[in-house]
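According to TrEMBL, the protein has these features:
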- 23-47: transmembrane segment (TRANSMEM)
- 24-444: domain 'Major facilitator superfamily (MFS) profile' (DOMAIN)
- 59-78: transmembrane segment (TRANSMEM)
- 90-109: transmembrane segment (TRANSMEM)
- 115-135: transmembrane segment (TRANSMEM)
- 147-171: transmembrane segment (TRANSMEM)
- 177-198: transmembrane segment (TRANSMEM)
- 264-284: transmembrane segment (TRANSMEM)
- 296-320: transmembrane segment (TRANSMEM)
- 327-344: transmembrane segment (TRANSMEM)
- 350-368: transmembrane segment (TRANSMEM)
- 389-410: transmembrane segment (TRANSMEM)
- 416-436: transmembrane segment (TRANSMEM)
Amino acid sequence: MTNHEINVRELLDKNPISPYQKLVILLCFLIVVADGFDVAIMGFVAPSLKSAWQLSNNALAPVLSAALAGLAVGAMITGVLADKFGRRKILIGNVLCFGLFTLLVAQAHSVTELVIYRFIAGCAMGGIMPNAATLVTEFAPARKRAFLITVVFAGFTVGAAGGGFLAAWLIPQYGWQSVFVLGGIVPLILAAVMFVWLPESIGFLVHKQGDKEKIRQLVEKCVPHSTTEASVFRLPENTLLNETAATQTPVQTILNTHYRTGTLLLWLAYFSHLFLVYLLGSWMPTMITESGMTPAQASIITAMFQLGGPLGSVAVGWLMDRFHTDRTLAIWYVLGAAVLVALSDVGGNYGLMCVLAFALGTSLNGGGTGMNALSSMFFPLPARATGNGWMHGIGRIGAFASAFVGAWFLNWGWQFQTVLTVLAIPVFVVGSAIWIKGMIYKNK
């Protein structure tokens, strides 16, 4: 029988998105929603926890930063593991683990317990976004790849914004612990759904020379009637490593002479981005409350910041698929800097703050999802999860630092408006790094 050779990447690229691919994308979206909720909820809970336990800002900082430290560790480790063992196994394990330890946070009776549980949950959450981006990249057609990745990553801000609205309702009724109970139960249910329905990446299976029949069944689900029992599956040469990189580990690949400069620029950009976004997400409720507004108003304003993300994600993904990816994203961040400056000048106008916070979230949170699309399209398949994971890991160091810098700002007596003006600096750093990467690689 004559072999029927199929280039799986070309097959997915030239065909419409199937219901099965949409299922994979939906599951990844739900995973990221749960991740966004659990990552952000400590910031929403912080004012109530601070009051209930009589904590100072300095005592609160380790609680806020524990998950962020875990996110950095988890992203770098699980990216490498996903390139070795597969995206599916790592994602399911991560969701199960952060669900369990988020539930334990609700039972904590000391700051030490909170820090330990949030750190372990953070390690598990660290692998969610880079591996979800990798899986979507490998199931999505090239013509819609940036758009679909940003749609999935819009789930993070949906979850984070939902955390704000739910915290504003749950905490007065049931206490701060109730937010973590919800944040733990949902991932456990989702992990069971993933075990049944989430497939492994076709590209990963082909690259690792996995079971031929399993690959054929997955390809058939994505593109019905495209295979036969004699089908042989391969990847295009440009998705594989060149002869020099073929002997390299994924970490060596992302730091080899070809990828090194782009990798470092992505690290710089994502470090600055997450420093900015997490400082705002974690400390905005406390800063707004200390400026004279109620905790409920502070939660709503912060939730509006998170809620702007989905719109920004979809918009920037659509634009990146149609124009130069790096330049489009760089300009997006410049617009964010302008909104930051505008927000710093509105005083205590609650309604206008809500509107501008939404616009700021559209730019910054949307831009972050665009950066994940950029990373997923930059790194080769055998090192893609590692490249995404290490970008996230370095970025999470910026997020970790933001918890302490936010506390310093408050201890120095800085007003919320002053903080916003200063934060325009990292926005310009992000935009500049992305623009320079585009100039060097000219990838689209």
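Just so you know, glycine gets a Cβ as well, placed from its N, Cα and C.
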Any contact between the transmembrane segment (350-368) and the transmembrane segment (59-78), i.e. 3 or more CB pairs below 8 Å with pairs at least 6 residues apart? no
Using a Cβ cut-off of under 8 Å, list the residues of the same chain at least 6 residues beyond the transmembrane segment (90-109) that approach it. 31, 34-35, 38, 74, 78, 81-82, 117-118, 120-128, 131-132, 135, 177-178, 180-181, 183-188, 190-191, 194-195, 198, 385
Same-chain residue ranges lying at least 6 outside the transmembrane segment (264-284) that approach it to Cβ under 8 Å: 40, 42-43, 46, 64, 68, 160, 298, 301-302, 305-306, 360, 364-365, 367-368, 371, 374-375, 378, 390-392, 394-399, 401-403, 405-407, 409-410, 416, 419, 423, 426-427, 429-430, 433-434, 436-437, 440
Mean pLDDT over the domain 'Major facilitator superfamily (MFS) profile' (24-444): what is the value? 88
